[in-house]
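*Asks:* Residues annotated as domain '3-hydroxyacyl-CoA dehydrogenase NAD binding' in TrEMBL: 1-171. Annotation source TrEMBL lists CoA binding site at S30, K37, S106. Under the heading site 'Important for catalytic activity', TrEMBL lists H127. What TrEMBL records for 173-270 is domain '3-hydroxyacyl-CoA dehydrogenase C-terminal'.
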Amino acid sequence: QVAAASGHTVVLVDQTDEILKKSTKGIEDSLKRVVKKKFADKPEAGAEFIKKTLKNLTTSTDAASVVHSTDLVIEAIVENLEVKNKLFKTLDKFAPEHTIFASNTSSLQITEMANATTRQDRFGGLHFFNPVPMMKLVEVIKTPMTSQKTFESLVDFSKAVGKSPVSCKDTPGFIVNRLLVPYMMEAVRLFERGDASKEDIDVAMKLGAGYPMGPFELLDYVGLDTSKYIIDGWHSLEPNNPLFAPSPLLNKLVEEKKLGKKTGEGFYKYK
């Protein structure tokens with residue numbers, strides 16, 4: 001959506017036409033919300049903006065067949081290194097030499113994905129934040145093999161889609177999640193020890209630190225399974241780092257399929 005709205009030609013690839021139909025409708029609905037805010041008093045200009053944006057967007061279920069005419073590939077599939085590497089390996093065979101590959105991973109190593117291809121110098125990270133149309137930040141990740149030219153292209157692209165890029169080395173969690181995930185885990189440990197209630201911890205961080213959501217609200221929003229997946233991965237990389245220690249309570253909730261907002265219950269219940 002964000003790339004198409006800023007004048008880029010985009011091909012959205014997913015596994016089935018059904019998913020793509022749903023995605024396209026989601027983008028249309030999201031654009032209507034943008035128009036309500038941006039073009040409140042100019043309905044014609046708003047309608048034109050939506051039409052133009054959707055014109056820039058096509059869909060496909062075959063990544064290999066569309067990648068041959070692409071300058072930039074941004075992968076945003078399941079957070080599983082094997083699955084990502086398999087996709088990148090395939091696309092590497094079909095993409096032109098100049099094509100840059102980027103991953104939107106929030107927790108996996110970009111270097112390991114780059115190594116699945118023959119274009120390590122044309123590979124980097126572009127970590128967008130949810131919800132992307134609203135959030136201004138993009139973390140641009142440079143591995144030891146990413147060329148300066150590739151890095152600059154990724155920064156320029158981020159600016160061209162209206163975002164504010166920050167740069168980081170290929171380190172666990174990059175900048176935001178490296179600080180945010182241990183903070184959320186510390187909140188869970190504080191609650192596990194019985195030092196404060198989850199409600200009071202949430203209120204304290206909202207009113208005392210000015211955060212829009214408390215740590216437990218944020219965990220439920222992100223998904224407890226996603227948070228567990230990230231912390232387990234980092235724990236296996238650095239087993240002696242106390243910030244990356246697993247939480248018995250988080251593990252229990254995930255085991256009970258209480259994953260947060262998406263399942264109707266996590267640390268809190270949702271109607």
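Yeah, the Cβs are placed from backbone N, Cα and C, and that goes for glycine too.
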*Asks:* Tally the residues of the domain '3-hydroxyacyl-CoA dehydrogenase C-terminal' (173-270) by DSSP class, grouping H, G and I as helix, E and B as strand, and everything else as coil.
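*Replies:* Summed over the domain '3-hydroxyacyl-CoA dehydrogenase C-terminal' (173-270), the classes give 65 helix, 3 strand, 30 coil.
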*Asks:* Can you tell me the CA-to-CA distance separating H127 (site 'Important for catalytic activity') and S106 (CoA binding site), as a whole number of Å?
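*Replies:* Here the two Cα atoms are 6 Å apart.
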*Asks:* Looking only at S30, S106, which of these binding-site residues has the biggest number of Cβ atoms within 10 Å around its Cβ?
*Replies:* S106
*Asks:* If you count, for each of the recorded positions K37, H127, the other Cβ atoms lying within 10 Å of its Cβ, which residue has the minimum?
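*Replies:* Minimum Cβ neighbour count within 10 Å, taken over the recorded positions K37, H127, occurs at K37.
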